[in-house]
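Here is the structure we will look at, set down as structure tokens.
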Amino acid sequence: MKQNLQLYNTISRKKEVFEPLHAPHVGMYVCGPTVYSDVHLGNCRTFISFDLIFRYLKYSGYKVRYVRNITDAGHLEGDRDEGDDKFAKRAKLEQLEPMEIVQKYTLGFREVMGMFNTLPPSIEPTATGHIIEQIEMIKTIIANGYAYEVDGTIYFDVEKYSKQYNYTILTNRNLEDMLANTRELGGQDDKHGRLDFALWIKAKPETLMQWVSPWGMGFPGWHIECSAMSAKYLGQEFDIHGGGMDLAATHHTNEIAQSEACSHHQPAKYWMHTNMLTVNGTRMSKSAGNGFLPGELFTGNHPLLRKGYSPMTVKFFMLQAHYRSTLDFSNDALDASEKGFRRLMNALSLLPKLVASEQGEVEIDPIRVNCENAMNDDFNSPVVIAELFEAARIINTVYDGATKINSTELDKLKNLMNDFVVDVFGLKDEDTSNAELNDVLDMVIALRKEAKENKDYATSDLIRVGLQNIGIQLKDSKEGTTWSKS
RNA sequence: GGUCGAGUGGCCGAGAGGCUUAGGCUCAGCUCUGCAAAAGCUGCUACAGCGGUUCGAAUCCGCUCUCGACCUCCA
């Protein structure tokens, strides 16, 4: 187990040494998607980042329980704690049951995450599956005096809570100003203070998703599900809580408040937030209408895209930036990542063909140390990629016979590439070659070889250019001709 | 207005007081090659601006300019 991992904690606003509460076990909770519509690329970035963290923690020897929820109830359109929730609205639009909406977009989400080759979480709980736990938690919060009922709706009393606890611990905002501002703006609400938020919301007769509670028919507020489910599966105190940066100010702030009001201590030791994906400098979001859907991305069928990009290209593109930096989505950047990724994959495919020498002139250990140091420094994947390109250069020069490697170092090289490219990054080659195509191309290459031997370069070039035009690139070498999709 | 963060070479993107010319892409040249492609080598040496601290600053401090996120639903 590595004891020198450092990660950035939003609460302290600095990097801290990672010390799990119960090593070697690590509990990590990440706020998952609200499944009322297709995920867009910005959503994916967060989950790809936490997949990287999950994978590296496992690489480091930790036994990780990774919980990522599916929000399938209680997420309202605005923060007014009134009106229908997003599922009901979408259900009306698509003329489906709310749970059909949930099912449809849950499956879609998992399919996309599968294409990005992310690992499934250890537990993927849903809000609707944990209504009882949420009700129990709300009852405790009321009993502890931090919530009040108004006509079947339960509100969290932020002002009272803030007298004993630090409500703005995550964002460092000035609570006095916030309270002052919101008092002026309020008025027609049932809440005592506009900072107060709903734990449980009274259902109208026509509300599609509603449950029995001590306060009548209703449904849970958005924030309570994460507090209830993280406590259930990871305990009242666990190691890492993560999510997108946009969740810190409201959702995570309220989660901490709920948990403290219930159990009197903070739920998570480390809070990690991933930065936003931007398009032309502004945040990709559903409401702004600048989000790419997976299908649009892969086919290139979108006004802002010149062409399509494969899931692995996009994932590689994301890993080339640090998770706490904004990342701007552009065609030029994607093109560069596509070529870089191909280069890395080509090197990887040469690895089994390398031949060891008696004497070697390269050492692999320093590269692994650099990779681990980079990951231990708050999961700095861009630096790891730079190291992997150094390894790729070694692979290429060994393959060309320009560098010699002994068998010990060759094994280390293979292990290094497997550990970081496959296990930690979850990257894989996407060449969708099949046996039939292989056979056909072998035959074509044999014909071209014959033409070349007869110095019939007109024919050999005809074959090469013809294949190139349909996206297959031939590469001649001393050992023969190979091909790849270009 | 408040809170936080960012401005790095043609592009993307790490670094955070001296010893990275990070890395990828692009471009130019060379090697290899029947021609290509791939690969390798070489070159393009940047840190928004102005001051300050320091023997030394992209990296610390101050000011200025520009941009973004959050403070309203959003990963």
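We count from 1, first residue shown onward.
Placed from the backbone N, Cα and C atoms, the Cβ positions cover glycine too.
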Quiz item: Which residue range, A:33-43, A:242-252, A:297-307, is the one TrEMBL calls motif ''HIGH' region'?
Solution: A:33-43
Quiz prompt | Candidate ranges A:203-207, A:283-287, A:378-382, A:453-457 [criterion: TrEMBL lists as motif ''KMSKS' region'] | solution = A:283-287
Practice problem: Would you mind reading off the Cα separation of A:Glu255 (Zn(2+) binding site) from A:Lys286 (ATP binding site), to the nearest angstrom? | Solution: 23
Quiz prompt | Inter-residue C-alpha distance, A:Lys286 (ATP binding site) and A:Cys31 (Zn(2+) binding site) (nearest angstrom) | solution = 17
Quiz item: Per DSSP, what is the residue count of the motif ''HIGH' region' (A:33-43) in each of helix, strand and coil?
Solution: 3 helix, 1 strand, 7 coil
Self-check item: Remaining residues near the recorded Zn(2+) site, that is with C-beta within 8 Å of the centroid of the site residues A:Cys31, A:Cys226, A:His251, A:Glu255
Solution: A:His223, A:Glu225, A:Ser227, A:His241, A:Gly243, A:Leu247, A:His252, A:Asn254
Practice problem: If we count other C-beta atoms within 10 Å, could you say which of the binding-site residues A:Cys31, A:Cys226 has the fewest? | Solution: A:Cys31
Self-check item: Predicted model, mean pLDDT over the motif ''HIGH' region' (A:33-43)
Solution: 91
